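Scroll down for the structure; my scribbles are underneath it.
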Amino acid sequence: MASSTSTDAEGRAGDGLLRQLLRRSLGRGLAVFCVSTASAAVGLALPAVLGRTLDALLADPHGAAAGRWVLGSAGLTSLLVVLDALDSLLTGTANARSIAWLRRRLLRHTLRAGPRAGRRLAPGDLVTRLVGNAAQAGTAPTALASALAAVVTPVGGLVALALIDPWLALAFLLGLPLLAAALRSFVRDTTDSVARYQHSQGEIAGRLVEALGGARTIAAAGTAGRERARVLAPLPELSRQGHRMWRVQGRSAAWAAAIVPLLQIAVLAVAGLRLTAGALSVGSLLAAARYAVLATGVGMLVGHLNGLVRSRTAARRFAPVLAEPATAYGTRPLPPGDGTLELRGVRAVRGGRAVLSGVDLVVPGGRCLAVVGRSGSGKSTLAALAGRLADPDGGQVLLDGVPLPELTHDALRRAIGYAFERPALLGGTIGGTIALGPAPAPPGRVVEAARAACADDFVRLLPNGYDTPCAGAPLSGGETQRLGLARAFAHDGRLLILDDATSSLDTVTELRVSRALSGRLPGARRPRTRVIVAHRAATAARADLVVWLEDGRVRAAGRHADLWELAGYRAVFVDPDVSGEQDVSEVPYADGGVQGG
Ligand SMILES: Nc1ncnc2c1ncn2[C@@H]1O[C@H](COP(=O)(O)OP(=O)(O)OP(=O)(O)O)[C@@H](O)[C@H]1O
């Protein structure tokens, strides 16, 4: 697995997505900005009105002017409450929409990248990015709008001080560089620690998902304690970065706590001098005191900047998710044909190493090809390329003369069916799992396919038969494989690829499934072309053609009976040193009547 930390170039992909989000959310961001600004403006007007109210009450407590000012103050206070509520509502809605958009976008991209999506990131890390980091990044539009609106309050406070008396603004401005320096250092330190913190979170999630997937192995090996230590290994770094974030916030708060009162006292001292000089009224002094507080609204700015930094850092973590491009499909339908599969000079590179090279192969329509070879020889890679679960790094794969990338998504997926060694049961219910495909298979077809895959008997014994939820169905490895086979059988198509899909079946069931496979599958008008990754000699014996892979190259191709003459080929299935002890089911032709082809 490649490194999960993003490079600068990749980080820009995350920034790009964030910019897209900001453009999309312009309307909602503007609404938040307007309401926040209106709220800030009302907040700014309130001290002035309160000051005037005080002056009017001191001059004539029962006069009409005092009544008007009191009413004005009450009106502004109520408006402030309404605007704050509206701000919360708009912010919450805008965040929910942005987060949903981001998650949908990332999920679509991840699923379109297909099996490649998991190349760079462990599943847990990927999920953390799609769920947790998307939630943080999705608040960027409102965080930006609120941060911009939050600038209005200190700037407005400063302007108001200047309007009351220019000397007050000057006293405030003298201390401003100190505030700016504190803010700059806050943003720099927070960005770094947030990025490291989120990285450690992803690491822990990735390890945890690995541990959950391997729970049986861990229990059997008795290494639960060691595994716990492995999963939590990034915890000290997480804790270090968490503490560092708190320290940065604490330092900024301490700076603010030291600078802000000094600035306010400076403004108040100047205001007091101006009052004694007769240049200010008592009400103006009250307003100046309040504006000095608003002008030093650094606390609010720090909070907004913090939110913005977290959003941007989280967005940068989408870079490795976006780095695997989504699979592109062509525009061609599949022309009439019998399902001839052709591989021309196919090469595949994995982990910087060629694991398949120079593979040339033609499987005539309706025929069965068995792919054999020792473990790691490239069989599953070939099976993945044959059905375009991956694209070759060189050469071409064609179905009925059309290169697979030129086919539309629907044409490709309707033409090619797959069954795997460990199928995922994704259909909700057992019946839904078998029906799962580009066009859901009708119930009658589901049952027919289950019979062909020797699954019908055990499905009928489940509490609700085909309607049993997958989560509530305790299935063995062999039963799960049979459901995967049934899913592949339930759909029409020209090519069927079985990647080790019968490895957990007992010999009798495997023989029955193989017979169904070599005949006409349910619903099929003619025999499908089949590619079967096989470990058993009996399976190879039933195929029309066998391709024998060794170290990613075709060592030989032909009929099993002919290849069996070669000692190297026999050694793929039978250990020459212990052949006398070999299980008869592993020896070709041992189960009688399986030579069909
Ligand atoms: N994503 C990957 N990164 C690095 N190497 C890989 C990757 N995928 C496969 N390989 C390597 O490619 C080679 C072929 O793998 P493949 O799964 O095709 O073999 P196989 O013949 O199907 O093996 P088996 O019979 O054990 O399932 C192996 O050496 C494997 O380690």
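One-based numbering along the chain as shown.
The backbone N, Cα and C atoms fix where each Cβ goes, and this holds for glycine too.
Pulled from TrEMBL:
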DOMAIN    30-310  domain 'ABC transmembrane type-1'
DOMAIN    341-576  domain 'ABC transporter'
TRANSMEM  29-50  transmembrane segment
TRANSMEM  70-96  transmembrane segment
TRANSMEM  143-161  transmembrane segment
TRANSMEM  167-187  transmembrane segment
TRANSMEM  253-276  transmembrane segment
TRANSMEM  288-309  transmembrane segment
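In the predicted model, residues of the domain 'ABC transporter' (341-576) average a pLDDT of 90. Listed as Cβ neighbours of the transmembrane segment (29-50) (distance under 8 Å, sequence separation of 6 or more from its ends, same chain) are residues 22, 69, 72-73, 76-77, 79-80, 83-84, 86-87, 90-91, 94, 141-142, 144-146, 148-150, 152-153, 156-157, 160, 283, 286-287, 290-291, 294. Counting Cβ pairs under 8 Å that are 6 or more residues apart, the transmembrane segment (288-309) and the transmembrane segment (167-187) reach 3 or more and are in contact.
When Cβ-Cβ distances below 8 Å are used as the criterion, the transmembrane segment (143-161) is approached by residues 22, 29-30, 32-33, 36-37, 39-41, 43-44, 47-48, 91, 168-169, 172-173, 267, 287-288, 291-298, 300-301, 304-305, 307-308, 311 of the same chain, each at least six residues removed from its ends.
Among residues of the same chain six or more beyond the transmembrane segment (167-187), those with a C-beta under 8 A of the stretch's C-beta atoms are 158-159, 161, 248-249, 251-252, 255-256, 259, 262-263, 266-267, 269-271, 274, 288, 291-292, 295-296, 298, 301-302, 305-306, 309.
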